[in-house]
Amino acid sequence: MSDTESLNDALGLFDEPEDFRPEKPKEHYANYERIDVPDISKSKITNLKLQLVGSSPLWGHLLWNAGIYTARHLDKYPELVSNKNVLELGAASALPSLVAGLIGAKRAVVTDYPDADLMANIQYNVNTIIPDELKENVRVEGYIWGNEYDPLTIHLDGDKKFDLIILSDLVFNHNQHDKLLQTTKDLLATNGKALVVFSPHRPHLLEADLQFFETCKEYGLTPEKIEMVNWKPMFEEDEETAEVRSRVYAYYMTHA
């Protein structure tokens with residue numbers, strides 16, 4: 001046996017078995033049903049088959065209660081988005097933006113962290129759910145909170161502000177509150193609204209979640225609580241905290 005053959009055999013000891021690394025989770029799907037489609041909605045599509053990424057460190061692989069609540073809220077109050085400029089931060093599956101596009105947003109800009117899989121997944125949902133005649137009005141953009149706004153406002157055909165900014169299940173990012181609020185302050189139209197919806201996924205940190213609505217005042221924004229409802233919690237593992245985790249909080253924020 002040659003030295004080369006011996007070396008190759010030795011190196012072969014370190015070859016990974018085919019099943020050594022777990023297979024990357026595949027995308028999966030969730031169905032969302034629009035319960036009350038408003039008369040002014042440009043599309044009467046009711047069933048939305050959402051593709052979700054297989055896994056995500058940013059939790060974009062789940063369809064959260066907050067996203068479902070937000071989508072229903074837009075159908076209930078379509079004037080929030082009809083012929084309006086809409087921005088969604090941290091969109092994940094982009095359900096609220098998709099509903100805004102179906103209702104007839106002038107422009108819906110859907111954003112999330114610029115991860116390739118996440119962006120491709122959002123674009124897939126836009127391509128498969130939004131009718132061709134409305135696709136031009138729904139734009140997908142990777143965005144890191146706190147960065148320059150030009151990549152967002154370039155989609156507005158001359159406008160520089162958004163009539164509605166959607167923050168669905170984002171306030172658990174406590175160290176990002178300032179960036180979220182600065183972005184909201186800077187990009188919200190004078191008479192616009194931000195719609196903030198969340199569930200307390202970590203009940204012991206609920207006060208830190210709610211601090212968002214105190215900190216917003218430092219940015220010249222006024223919070224208005226819409227309601228708190230109880231839905232089925234996303235996870236069943238801890239009965240003691242189930243009630244808190246079942247909560248869905250909804251707020252508006254406007255310029256003071």
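Just so you know, glycine gets a Cβ as well, placed from its N, Cα and C.
The Cβ of A91 (S-adenosyl-L-methionine binding site) lies under 8 Å from the Cβ of S97, V110, T111, D112, I122, I166, S168, each of which sits 6+ residues away along the same chain. Per Swiss-Prot, the feature S-adenosyl-L-methionine binding site maps to W64, G90, A91, A92, D112, W145, S168.
According to Swiss-Prot, the feature region 'Disordered' maps to 1-26.
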Excluding its own, the Cβ atoms lying within 10 Å of the Cβ of A92 (S-adenosyl-L-methionine binding site) add up to 29
Looking only at W64, G90, W145, S168, which of these binding-site residues has the biggest number of Cβ atoms within 10 Å around its Cβ? S168
